[in-house]
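Here is the structure we will look at.
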Amino acid sequence: SVGFKAGVKEYKLTYYTPEYQTKDTDILAAFRVTPQPGVPPEEAGAAVAAESSTGTWTTVWTDGLTSLDRYKGRCYRIERVVGEKDQYIAYVAYPLDLFEEGSVTNMFTSIVGNVFGFKALRALRLEDLRIPPAYVKTFQGPPHGIQVERDKLNKYGRPLLGCTIKPKLGLSAKNYGRAVYECLRGGLDFTKDDENVNSQPFMRWRDRFLFCAEALFKAQVETGEIKGHYLNATAGTCEEMIKRAVFARELGVPIVMHDYLTGGFTANTSLAHYCRDNGLLLHIHRAMHAVIDRQKNHGIHFRVLAKALRMSGGDHIHSGTVVGKLEGERDITLGFVDLLRDDFVEQDRSRGIYFTQDWVSLPGVLPVASGGIHVWHMPALTEIFGDDSVLQFGGGTLGHPWGNAPGAVANRVALEACVKARNEGRDLAREGNEIIREASKWSPELAAACEVWKEIVFNFAAVDVLDK
């Protein structure tokens, strides 16, 4: 006899354990599971737990060489999704020993690796993760965090203002630098490389870095304010990425940028460590996120990608606007904005938060609202996101009829007016338009911007909404 019973047995016999009491050190996951017809939810939930931890499709004799009870993932609860006839939320607990310390890459390889192609499931979505303090403590997290960034920039009591330079591709380095100067001179705190600006034939990275550094130092001297431009260090190799970050540091600029999903978590974490060691802020763009998070029944919810970024490291991340051209429902967006900024967030299913999360003082990340926003949105953005945010107007700055600098002036005046009104106790949600109109009486730049964008709306319902 070989000493073990060969063959295939149902996952639920080993991996479905409704009596399990979760531990403080477990990583907890909430999966939205859509089983194939005829597959019971317990078997589907157990299959997810098995395939994302120790299981394989058949019994193997090497199972006897380890303690499966110590290492296996466990599906400990299953809930039916309200309003859906074949969807369930399966809760899975993973022992901490399954994961390498300080590695988002390894965590995701286990939890969202092969299991998403599993035949017994029609669809699978990771809705949320609870990262235990014991695991959080193995990560550096954001290079600096919100308070250190404010201290570096000497900017307090208001959201920060940014602008993505457009057209995103095709400008020469000198013309690009000119646009950066005009926007910063007009009153913005930051300008930004677009996510797909790396080092193309029309504008090599080194030329762009030099002209942008010249632009921001000139604007800094003339305004007396600290300025920044997000220099995109994303590259084809990690070595090249770090080389670009080193050059940015040598120029003396305050901030660089990375596309964390296309660049990858390993590269991102390396860059975040470099940025902390060398005093650079790190702006994160989420290019490719909607491929992963847009579908309601399959993929990974952005709140999980946001948590992963806070662990991997970044001082800013794009988070949707609620009011602009890109996807984002208000309660869901504010749920993951709190997960980015706050030290402790309570479970709140009305905002899509499945687990209480304690970040044990890991630095916070500034959410960046960007995409199809303009001066009329300023009161809503100020009210929704509060002071600890970056409001980024690309077309809403560069599309101003009088040019880039007046576009920047219009946005700065609108922001200052909204912050002043809020501090005086006015209701931005109700009086927003009136506040902007009042401010435009003494700012011709704002008046012109108000006229151009008064009719622009993006009336599409969000795809990713809460279960009712």
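Just so you know, glycine gets a Cβ as well, placed from its N, Cα and C.
When the candidates Arg286, Arg294, Arg341 are compared with the substrate site entry in Swiss-Prot, which names Asn114, Thr164, Lys168, His318, Ser370, the shared residue is Arg286. Neighbour counts were taken as the number of other C-beta atoms within 10 angstroms of each residue's C-beta; across the recorded positions Lys166, Lys168, Lys192, His285, His318, the minimum falls on Lys168. When the binding-site residues Asn114, Lys168, Glu195 are screened for a Cα within 10 A of the Cα of His285 (active site, proton acceptor), the ones that qualify are Glu195. Fewest Cβ neighbours within 10 Å among the binding-site residues Asp194, Glu195: that distinction goes to Asp194. Checking the recorded positions (Lys5, Lys192, Asp194) against Thr164 (substrate binding site) with a 10 Å Cα-Cα cut-off leaves Lys192, Asp194.
Cα-Cα distances to Lys168 (substrate binding site) place Asp194, Glu195 within 10 Å, out of the recorded positions Lys5, Asp194, Glu195.
In this structure, of the binding-site residues Asn114, Thr164, Ser370, the smallest number of CB atoms within 10 A of the CB marks Asn114.
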